[in-house]
Amino acid sequence: MSTNSRQILVTCALPYANGPIHLGHMLEHIQADIWVRFQRMRGNEIYFVCADDAHGTPIMLKADQMGVKPEQLIADVQQKHMADFSGFNISFDNYHSTHSDENRELVEAIYHKLKQNGFIKTRIISQLFDPEKAMFLPDRFVKGTCPKCKAEDQYGDNCEVCSATYSPIELISPRSTVSGATPVLKESEHFFFDLPAFESMLTEWIRSGSLQQEVANKMQEWFEAGLQQWDISRDAPYFGFKIPNTDNKYFYVWLDAPIGYMASFKNLCGKKSGIDFDSFWSKESHAELYHFIGKDIMYFHSLFWPAMLDGASLRKPNNIFVHGYVTVNGEKMSKSRGTFIQAATYLKYLDPECLRYYYAAKLGSRIDDLDLNLDDFVQRVNTDLVNKLVNLASRNASFIQKRFDGKLADKLDDKMLFDEFIAQSELIADYYENREFGKAIREIMALTDKANKYVDEKAPWVIAKDESRTDELQQVCSMGIELFRVLIGYLKPVLPNLAARAEAFLNTQLTWENVASPLLDHQIAPFKPLFSRLDMKKIEEMIEASKIENAKANQTAGKSAVENKAFSEFEPIEESITIDDFFKVDLRVAKVLKCEAVPESNKLLKFILDIGNETRQVFSGIKAAYGKPEDLEGRFVIMVANLAPRKMKFGMSEGMILSAGNGGADLYLLDVDAGAKAGQRVK
């Protein structure tokens, strides 16, 4: 390791230990892995750790539903997670669990430090309590009628129709989603972290200029709304770590989860000599610390986590790198359409490096959603990697092997072209460093086109027919292989398996530093196929397999729901109504003329609808399900046309758009068959 190398610790968000890894998860882990592999190629001392997030009410309830102990559930899930990450070549130095001795010790130590420094407060709060299950109910395990807009079946913390936020005790007609019972109000002493005490420090962190602008802007919004003390405790029964010196209080999962980063690294330090835990986590640390996370957990990582570290006299992250969501063919991943694809399912049908390349080609440093367009996926992989990159090696290697026994020429045929390729090294490195992977890929593929143009113009297949041009043939084909070597070196962080096969063929190891050193008078190995074409049939098979797997999962959930209503996918049928009651509801086919996000709301989309003889403005709380509202323009929806207009903060809503699902990202707009027209009544 160079004496000038950087010391870096990188983490990914911890996958929750109650379900499988899917292609949405893989975006983050691939993004982080590419960055880590690049840093290794640059000679930096870097460690890459992660763990399963293994505590909380959902895990406790799912284990109970399955008839196993939570410890068994999380152990089984962890093995599957690790297999998925290994299959996608995610090169963790350590993968651990938050349910570990290291994490318990660190959680208790940080808690004691926060308490000692005066940042832990206690007070009595009133909570909803399930009398049948004898448990306090987290916000998301209570449903009822919104106290603001009177929308039914809303969660205990916010309304997905009007975007109002409220306390669970404000819900009208609340019910427990665990047992179906009507909860009662019960008092309990809770422990709070004094987040407002850190507003000055967090404001200064924003102004450092290192955070993504979108993150800094969002943090500023939270400051303007006012920071609140954070409840870090939960009452028994709960699966997690007990708060010291209490009888029935546990640390909230979001307190111990980020500390899991530290625990995984501490576990690594115990297994590998020469790594000093404190040199990475002490207040005086000069090491770099980066967290790769999704935008859905930005709140915890940009506010609570740095404040908690600062309050415990530990170092803060240098940065948090936030990414967007994955959509498939322009829509959110769908279980019914088979585009909710588990990592394990993908690995049964396709090469993981295809997805690594495609994600890299579309990733930038902003918090933008990434669309996995399956047609474009096939075309881009086959064009870039097979037709251009790998073909560059194969079309030259055959001549070198047959005519020159695998020996490359002792000089470059076109040194200016070689120097041009090497001159791009630092630009490409800069793109990698700043997570502008898409720009790096575009630069590399532009060089690939130049390399193929060189071979096309030199036409070695023509030169080979002239015995007097033997030396020229060796130099031209060697030059083609040299350019291939440089390109593979640049792509090694993205395509480690392809790079390993190329290294075996080239009979050399590729580092960022030695890319500039040509292989003159060098022996290469016989060429073997390096990469296979993507077949759309295999993708179609994968989609069908996903549909079947998702259907089986739903069936299993349905059976379990008989025993435990918390995991029921379907709500009970409402009380019967008369036909006259039904006819009072005027349902109409509506065409979406315009759709846009409401900037001030996390839930709402604003629609302008054509209902035949007039247009209507309607607000709908489906933003989480449809991340690209403009894609909805031109399609038909079903709306309640005779619902009384409701004045909202953002304007008048003149109806309601119908959708099915459980809320949040799990919502699906109702559609009509071809031929239906705007304004027609649904009967």
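The first residue you see is number 1, and the count goes up from there.
Placed from the backbone N, Cα and C atoms, the Cβ positions cover glycine too.
Quick look at what Swiss-Prot annotates:
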type	residues	note
MOTIF	15-25	motif ''HIGH' region'
BINDING	Cys146, Cys149, Cys159, Cys162	Zn(2+) binding site
MOTIF	332-336	motif ''KMSKS' region'
BINDING	Lys335	ATP binding site
DOMAIN	581-683	domain 'tRNA-binding'
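Recorded features from Swiss-Prot, shown on the structure.
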residue: Cys146; record: Zn(2+) binding site; DSSP class: coil
residue: Cys159; record: Zn(2+) binding site; DSSP class: coil
residue: Lys335; record: ATP binding site; DSSP class: coil
* Asked: When the pLDDT values for the motif ''HIGH' region' (15-25) are averaged, what is the result?
  -> 96
* To do: Give the residue from the binding-site residues Cys149, Cys162 that has the most other Cβ atoms within 10 Å of its Cβ, counting over every protein chain displayed.
  => Cys162
* Residue numbers, six or more beyond the limits of the motif ''KMSKS' region' (332-336), whose CB comes under 8 Å of its CB atoms -> 22-24, 325-326, 546-547, 550-551, 553-554, 625-627, 665, 668
* Cys159 (Zn(2+) binding site) has how many other Cβ neighbours within 10 Å of its own Cβ? -> 22
* Structure fact -> Secondary structure split (DSSP) over the domain 'tRNA-binding' (581-683) reads 7 helix, 46 strand, 50 coil
* Within 10 Å of Lys335 (ATP binding site), Cα to Cα, which of the binding-site residues Cys146, Cys149, Cys159, Cys162 are there? -> none
* Asked: Near Cys146 (Zn(2+) binding site), which residues of its chain come within a Cβ-Cβ distance under 8 Å, counting only those 6 or more away in sequence?
  -> Glu152, Gln154, Cys159, Val161, Cys162, Ala164, Tyr166, Leu171, Ile172
